[in-house]
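Enquirer: Residues annotated as substrate binding site in Swiss-Prot, with sequence analysis given as evidence: 26, 27, 28, 29, 30, 45, 76, 153, 208, 323. Sequence annotations record features per position, and here Swiss-Prot assigns site 'Transition state stabilizer' to 76.
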């Protein structure tokens, strides 16, 4: 009986469900008081994300508080980098810093293939514990950064406003960049397989910075490597739903659907009805409520969620934000988001 499986897993597979499942990107994090208290005692982000007890606890915090339909591993897209020979740190309020940015062929040649069982055992442990804890009340989600976004961080050395260093590499030394992207695609595919084998039931690939690319460059530097990751994972795990999210994706939505993923996660700058019209019927849709709406009134939050769900009616839909929840969001408004999502049928029938 598939009815005993988590709602989010069934919906992501395209099965008929009685409402869209609901979870939030970054649902474990700074907006929650319990997270901030834990952070005060453990100020290192890498410790919080790489110590299995802390990562498990943080992953479970929103589940205990809000009972979302998905529980996502608390980690970071850069977590696998040290396993490939790239050290990094995450500085509070500044973001990631790569100690030795990758700029030469010699550096690319020294990168190691990722062996997640060896370098990331804590990830497997946390995913297994999450599955044990949430049982079928929620689906356990794993995630990775896509090759272009990982390359953007390791070439730039930090977050960037215009990505001029990696774009210079793309337009001056494309062969070098392709070698780096290919290395990441193979390693990230192995990492996703490891997450699935450890307990992840649905996985999401974040290509956060692919929205900085023109469509022609998306076709050259992002899409082929997204597709390579998907193809490699689907060879061994064809039934695990895969989601692709890009921030600022309005110009490449149709291209996202061609990578082989099961679900395209829309950001909030695209009208849900237009997003649905631009995607083939076999592709599921996740999103796409503006995270800023969670600073509004409960009535406004409800209205916006109802609008989003109604526009996605008839499609395989997972209710989510169009970006991660923002720091400073009132916790009670996050609760309104989850409760509205879970009570959506009653709310729509009463309109």
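Note: Cβ is positioned from N, Cα and C throughout, glycine not excepted.
Explain the structural surroundings of these features, please.
Expert: DSSP assigns residue 28 (substrate binding site) to coil in the three-state reduction, outside any helix or strand.
Residues within less than 8 Å, Cβ to Cβ, of residue 76 (substrate binding site) and separated from it by at least 6 positions along the same chain comprise 45, 49, 90, 96.
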Enquirer: Once near-sequence residues are set aside, which residues in the chain of residue 28 (substrate binding site), 6 or more away, have Cβ atoms under 8 Å from its Cβ?
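Expert: Residues satisfying the criterion: 35, 58, 59, 61, 62, 72, 74.
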Enquirer: In DSSP terms, helix, strand or coil for residue 208 (substrate binding site)?
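Expert: Assignment for residue 208 (substrate binding site) reads coil.
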Enquirer: Of the residues named as substrate binders, 26, 27, 28, 29, 30, 45, 76, 153, 208, 323, how far apart in Å are the Cα atoms of the most distant pair?
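Expert: Between the most distant Cα atoms of the substrate site, 23 Å.
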Enquirer: For the binding-site residues 26, 30, which Cβ has the most other Cβ atoms within 10 Å, all shown protein chains included?
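Expert: Comparing the binding-site residues 26, 30, the most crowded Cβ belongs to 26.
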Enquirer: Under 8 Å between C-beta atoms and at least six apart in sequence, can you list the same-chain neighbours of residue 208 (substrate binding site), or say none if there are none?
Expert: 77, 145, 149, 245, 246, 247
